[in-house]
């Protein structure tokens with residue numbers, strides 16, 4: 001059973017599940033577990049691991065349109081080496097500081113495999129869910145897609161410095177907060193753009209039509225992509241990116257562009273059903289966490 | 001490096017560390033990572049694992065004198081079996097309900113070793129720290145000690161039903177909240193009573209003197225203890241219990257007993273320095289998380 005199937009099976013026990021973060025009063029809270037074999041390629045520094053793992057939770061807070069307030073991390077590793085730990089904590093602290101949140105520590109655990117579990121909190125009186133998109137609106141993304149796919153290729157090519165740089169992504173917290181008054185539905189692109197659109201479509205009971213050539217593709221993708229198909233794979237399917245995917249009314253677009261610090265690209269529009277790109281249907285494929293399960 | 005040494009090394013980077021939970025505004029937040037090889041003996045059900053892992057974080061909230069509001073868990077296992085997952089979620093939800101908190105879900109991860117990371121939140125405008133004890137006060141514990149040591153023995157003896165029952169401990173959240181106006185220092189007994197007293201002594205710059213025969217020992221300990229020395233080991237050193245260890249002024253004792261729903265036992269008094277029991281010094285030994293690192 002993969003993660004989505006498991007989550008559906010649990011829906012009756014967890015009525016609040018299904019968004020990037022859970023809503024508790026005027027707060028949002030989200031947790032993520034990452035580990036070496038699937039999330040930290042060889043060459044990933046502990047500093048990058050701290051930044052990236054805490055950043056993934058901050059991105060979930062951002063995807064709710066919430067202001068991140070604090071984060072914690074539980075760090076499990078075969079040995080608790082002081083330099084590695086310090087590097088991890090500094091990465092975690094730095095990514096929190098970059099979005100105005102406080103890193104308040106966590107837990108240490110001796111664990112056969114390097115494993116990190118992070119939790120982030122945010123304030124939002126009116127969080128943006130995945131369920132509010134309506135046909136006629138436009139669908140947009142912040143920043144550029146494919147950064148993490150390119151980072152993985154860099155690690156695989158032995159360029160750890162470049163890989164680490166690409167893996168330390170900017171969580172879009174400030175943009176998420178700025179989008180909150182306008183976005184009708186929002187999530188982050190951690191499962192890949194294709195899968196994100198399918199999830200927004202399911203939650204909002206709508207569809208999407210986008211154009212491949214409108215996708216903002218990260219500069220690093222062209223360095224590593226073998227051809228146009230591979231570029232598409234890296235930008236739209238691979239996932240593990242942390243950009244915001246959101247829908248807004250076209251009339252709000254100029255306000256959105258003025259308010260949001262990250263680049264905003266309109267990639268398509270909300271339709272009645274189906275997820276299609278210029279040349280046909282877009283499969284619901286991408287990075288499904290725990291898909292090997 | 002064990003967990004305490006590592007935490008000391010990180011103190012400069014994490015000025016807020018050192019209590020059972022971190023304080024963020026009027027909230028406390030705490031996170032824990034548990035995994036099969038060290039925390040879930042063979043025979044532990046997923047329901048018990050859910051109760052116990054989330055309960056451990058709720059206990060840290062209780063130890064701050066805070067009202068638990070919500071918890072999340074990240075669940076990592078070799079396969080995401082629906083029945084196991086559902087049992088885990090129900091255990092997590094039930095322990096939250098038992099203390100008036102809301103279980104709001106979490107993350108799923110395929111992981112070679114069954115691993116759980118939990119985070120709990122609580123409200124406290126004036127949290128109880130480890131640092132407020134003064135000589136002349138008394139030191140008390142809630143409930144009875146040795147429950148988890150007895151549970152482990154039950155699992156080892158093949159009595160999984162008894163082991164699971166003992167492992168599903170009651171987090172002392174209601175008692176912690178009731179203690180908040182009175183307790184001058186508090187923590188939970190997850191590292192064992194001996195080590196807890198050493199940690200309170202270090203944080204409060206004081207000492208403790210207690211009597212072995214005043215310790216409230218869980219009924220199940222006598223079922224499994226080989227002799228008196230083993231009983232002491234199980235009740236005071238083994239740890240992984242989740243009772244509250246706290247100091248109060250003797251004049252507040254009757255108010256404390258009236259306010260706190262759990263049994264309260266005075267085990268000794270706060271002194272100027274050293275941790276001693278009737279027959280000599282008490283070593284700073286017990287369960288140190290990650291001590292094998």
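A Cβ is built for glycine as well, from the same backbone N, Cα and C atoms used for every other residue.
Just so you know, TrEMBL annotations are computer predictions that nobody has curated.
Under a cutoff of 8 A between CB atoms, and with a sequence separation of 6+ in the same chain, the neighbours of residue A:20 (Mg(2+) 4 binding site) are A:30, A:59, A:60, A:61, A:63, A:64, A:130, A:187, A:188. The annotation Mg(2+) 4 binding site is assigned in TrEMBL to A:20, A:30, A:60.
Residues or ranges marked as Mg(2+) 3 binding site by TrEMBL: A:20, A:60, A:188. Counted within 10 Å of its Cβ, the other Cβ atoms near residue A:188 (Mg(2+) 3 binding site) come to 27, all protein chains included.
Close to residue A:107 (Mg(2+) 1 binding site) in the fold, though at least 6 residues off in sequence, lie A:72, A:74, A:75, each with a CB less than 8 Å from its CB. As annotated by TrEMBL, Mg(2+) 1 binding site applies to A:31, A:32, A:107.
Per TrEMBL, Mg(2+) 2 binding site is recorded for A:32, A:60. Taking the Cβ of residue A:60 (Mg(2+) 4 binding site) as centre and 10 Å as the limit, one finds 31 other Cβ atoms among all the protein chains shown.
There are 22 other CB atoms within 10 A of the CB of residue A:240 (substrate binding site), with all protein chains counted. What TrEMBL lists as substrate binding site is A:39, A:240, A:287.
According to its DSSP assignment, residue A:106 (ATP binding site) is in a strand. Annotation comment: TrEMBL describes A:106, A:107, A:130, A:190 as ATP binding site.
Neighbour count (other Cβ atoms within 10 Å of the Cβ, all protein chains): 26 for residue A:191 (Mg(2+) 5 binding site). Annotation comment: TrEMBL describes A:191 as Mg(2+) 5 binding site.
Remark: secondary structure over the domain 'PurM-like N-terminal' (A:18-122) totals 38 helix, 40 strand, 27 coil, with classes taken from DSSP. The feature domain 'PurM-like N-terminal' is assigned by TrEMBL to A:18-122.
Residues or ranges marked as domain 'PurM-like C-terminal' by TrEMBL: A:135-275.
The subset of binding-site residues (A:31, A:32, A:106, A:190, A:191) lying with their Cα within 10 Å of the Cα of residue A:240 (substrate binding site) consists of A:190, A:191, given in sequence order. Of all the binding-site residues given, namely A:30, A:190, the one with the smallest number of surrounding CB atoms inside 10 A is A:190. In the structure shown, the C-beta of A:32 has more C-beta neighbours within 10 angstroms than that of any other entry among the binding-site residues A:32, A:39. Contact with chain B, taken as any Cβ pair under 8 Å, is found for the binding-site residues A:32, A:106 out of A:20, A:32, A:106, A:188, A:190, A:240. There are 27 other Cβ atoms within 10 Å of the Cβ belonging to residue A:31 (Mg(2+) 1 binding site).
Each residue contributes its Cα atom, and for residue A:191 (Mg(2+) 5 binding site) and residue A:106 (ATP binding site) those atoms are 26 Å apart.
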